[in-house]
Amino acid sequence: EGEEHKIAHEGSEPMKMKKIKSMNEANLSKNCHSAVEARESASLKRSKSTKEDKKEDSTKIAYKPSDFKIIKEVGEGSYGRVYLAKRVSDKKKVAIKMLDKHHLIKSHKVEHVMREKKILSEFAHPNLIELVGTFQDEDNLYFALGYEENGDLAGLLKKMKKLPIEIVKYYSAQLVG
C-alpha cells in the first residue's frame, strides 16, 4: 500500500504516471473495441436503413459543377482541394472535395477514392460527414459533403498533434454511441 504512493522518476515523467497513462490507453482501446463489437450489428442495420432513406433524396440527384457556387478554399489533402460552397438551388453550405482524375490514376488511388465514396454512401451516423452527392467533369471528381463549421477530427488532430485523453474519450464515446 505504501509502495503505491512512492513515485520513482525516470526522465521527466514519473514512473507511476507512465504506468497509469499506459493502463488508461490500454483500457480505452479495449473498451472501444468491445463496445464496437457489441454494437456493430445493430448499428450497421440502423445506419444502412437510415442511409437508404437519405439516398432516395440526395445522393441520387445528378449534380454538376454549376449546381454549386464556390465561396473559398478551406483545405487541401493528398488527393485534392476542399472548398466551401453553396448549393445554388437552396443555398445549403457544403464542402466540395475536388479530386484531380489524372493525379488519382497516376498515384494509383482510384480504388481508395471509390471505397471512400462507397462507405460514405452506405452509412449514416451523426459523426460521419454526410455525402450530399458526387459528380465529375473531364478533369475532376467531386464529392459534395455536409459542411462542418468547426472542422473535423482529422483537422483537430493535425492542429493539436496529440489529443488529451478527455478529448479521446469524448470522440471514442461518440463513435461507438
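Keep in mind that glycine also has a Cβ here, set from the backbone N, Cα and C atoms.
Under the heading ATP binding site, TrEMBL lists LYS97. Annotation source TrEMBL lists compositional bias 'Basic and acidic residues' at 36-58. For 68-177, the entry in TrEMBL reads domain 'Protein kinase'. Residues or ranges marked as region 'Disordered' in TrEMBL: 28-58.
Long-range Cβ contacts of the residue listed as 'ATP binding site' within its own chain (separation 6+, distance under 8 Å): GLY77, GLY80, ARG81, VAL82, TYR142, PHE143, LEU145. Here the domain 'Protein kinase' (68-177) is broken down by DSSP into helix, strand and coil counts: 39 helix, 38 strand, 33 coil.
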